[in-house]
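Below is one structure, written out as structure tokens; comments come after it.
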Amino acid sequence: GSSVRMEPERVTPSGGKGDKSAEAFFAYYKRQLGLPEDDIKSLFDKLAEPLPITFRLVGALSEGDSPENAEIFHRQLLDMISKCDEDGEEAKGSRSAEVVAALKRLEWYPNTAAWQLNIEKKDMRKNIKNLQDFLLREVSVGNIVRMEAVSMIPAIVLGPRPGELVLDMCAAPGSKTGQLLEMVVASGEK
């Protein structure tokens, strides 16, 4: 006889099928997790929050001069922040203080060469254009890589060495692959 293969309904964040899709998504995870309604609501509210802006300094994984490079970059970053205000001109004090408070180094990252900026992307574009331009310029010349903090962790935990084979099953857009290669080169082993 013939059999009919049932494909699960695809649910996309944009709700490709509208509200019905979102309802299916919520219903599926509610069943899977078996959490009380309040916990499920808290979980989905948290998932809907925008992620912070995070980035790492390229080539800062070696033990050589990279802590100095990270310090130089950090000073440049703070200098750029000190010039931020809503018009992108010299700061009056409150905007730059707010941005400095929102910036933190990720202490767990080697040589503390990764940062998190707790400002939403939409606020970055509107209110602190100088900083956004600085970060975009640094990305374009290859000095920093925009990368979610959680995406920086696998390469650090793996600690690849020259001669080892690593299959990166999530190789797009390449940030983790680049980080893995940096770590191999930084190890200095042949």
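Along the chain as shown, the residues are counted starting at 1.
Note: Cβ is positioned from N, Cα and C throughout, glycine not excepted.
On a predicted model such as this, the values are computed, not experimentally measured, just so you know.
The region 'Disordered' feature in TrEMBL is assigned to 1-20.
Feature annotation from TrEMBL assigns compositional bias 'Basic and acidic residues' to 1-10.
The domain 'SAM-dependent MTase RsmB/NOP-type' annotation in TrEMBL covers 67-190. Each residue of the domain 'SAM-dependent MTase RsmB/NOP-type' (67-190) gets a DSSP state, and the totals for helix, strand and coil are 69 helix, 10 strand, 45 coil.
For CYS170, ALA171, ALA172, PRO173, GLY174, SER175, LYS176, the entry in TrEMBL reads S-adenosyl-L-methionine binding site. Listed in sequence order, the residues of the same chain lying 6 or more apart from ALA171 (S-adenosyl-L-methionine binding site) and placing their CB within less than 8 Å of its CB are THR177.
One way to see the shell of the S-adenosyl-L-methionine site is to take the Cβ centroid of CYS170, ALA171, ALA172, PRO173, GLY174, SER175, LYS176; the remaining same-chain residues with a Cβ within 8 Å of it are ASP168, THR177, GLY178. In sequence order, VAL145, ARG146, MET147, SER151 make up the list of same-chain residues 6 or more apart from SER175 (S-adenosyl-L-methionine binding site) whose Cβ falls under 8 Å from its Cβ. In the structure shown, across all protein chains, GLY174 is the one of the binding-site residues ALA172, GLY174 with the greatest number of other Cβ atoms within 10 Å. Same-chain residues at least 6 positions away in sequence with a Cβ under 8 Å from that of CYS170 (S-adenosyl-L-methionine binding site) are, in sequence order, LYS176.
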